[in-house]
Ligand code: UDX
């Protein structure tokens, strides 16, 4: 059954969700407050790089099932379901800034004269949803006819379209059978493909998302701490991770060692959970999260210091080629990018840093330069740093790059390069946690 659905907020999540819901056969209107974004999206063009999204947007803006607007009047009493896909950025104390959610409710609610289901998708501290429902009901002419549900989002940048069309699970935080029935209609297609569904209360739904992100971040920091141990003990952390991953209770996912996690989700979401846990007096959880963060930040410093060591302790005036600026491969997102922390650290110590990334465009900034190719970045370099695991870096030809550099030293911060190939071409390849390779 075709529903009318609005998606409020057209960032990574909202844009992909809106296009995905149109692909499921629904009529969808996306809402944003930025005129240029709405204009671009109506022309079928995404405002970020995300595999497969352009195709989906083009197809459904053309089919007429998907459009975007600036005007809440277009959606208020039109939609059966309103999705809230707003950002919850970090406040200076680490807690989540809910002002976009509040502003949206203040704009939407006074226009809701008929009963409707509002579904939150943002990552929020536990306890947020009931407060938002109270605000909605207070401001909406439809009053108690407005029901809030919470459906956490698990999509990964770079795989956002696939994760939306074929989710590995759906979590429905609901308060009534009616809300559950509507959500099942929204997701009739993935449900017909036997996607597992968890139905729960609002608090559990809010917590599932934060727990998932924190658990994955913990896996990454755990393997990075083991990498430190391998480094001094002489082991190989990649072999260790493979062996751990074969234990079905552990799994290989998010156990890749290297520079650690960055991006718009993990760092802020785990800090927000720590703040909330402290507020609620559950300090054991915030202590665990603080350790995860300490290990994660240390990886960046460790790598930068390793680069300085490789150059004999002095990096001022040396040219450093940085391969990768995005926080991970498959995206142009540079929010809290480990790669840029390393670049800044070395620049602050006098290095001449040139960065290349296949997709990310850096805003003009003091310090390092962004160049248009690997060749440009590595020309005359004293050291090369592989910091984002773009596939194209894995297939570089070390023999072709060798004559361009001043010294053939490369640090593989993502442990993805094929060490024998680089060594055979005369390079010194360094990977933290594979001491034998030093
Ligand atoms: C994450 C969650 O995976 C997703 O479910 C949630 O909705 C949003 O946050 P995303 O930030 O897009 O998604 O990226 P993800 O692929 O999880 O990687 C996060 C960071 O961890 C990246 O910096 C990545 O390089 C790093 N990472 C990931 C590792 O260092 N090792 C790993 O094994 C996996």
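Numbers here mean position along the shown chain, with the first residue as 1.
Every residue, even glycine, has its Cβ placed from backbone N, Cα and C.
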- Message: Of the candidates 2, 123, 369, which one does TrEMBL list alongside 32, 88, 157, 268, 335 as binding NAD(+)?
- Response: 123
- Note on the structure: From candidates 111, 209, 219, 408, TrEMBL puts in the same substrate site as 154, 155, 156, 157, 262, 328 the residue 209
- Note on the structure: Checking the binding-site residues 32, 123, 209, 268, 335 against ligand 1, those whose Cβ falls under 6 Å of one of its atoms come out as none
- Item | C-beta crowding around residue 209 (substrate binding site), within 10 angstroms | 24
- If you draw a 10 Å sphere on the Cβ of residue 32 (NAD(+) binding site), how many other Cβ atoms land inside? 21
- Nonlocal neighbours by CB distance (under 8 Å) for residue 155 (substrate binding site), same chain, sequence gap 6 or more: 12, 13, 16, 163, 164
- Task: Compare all C-alpha positions of 154, 155, 156, 157, 209, 262, 328, the record's substrate binders, and send over the largest distance in angstrom.
- Result: 20
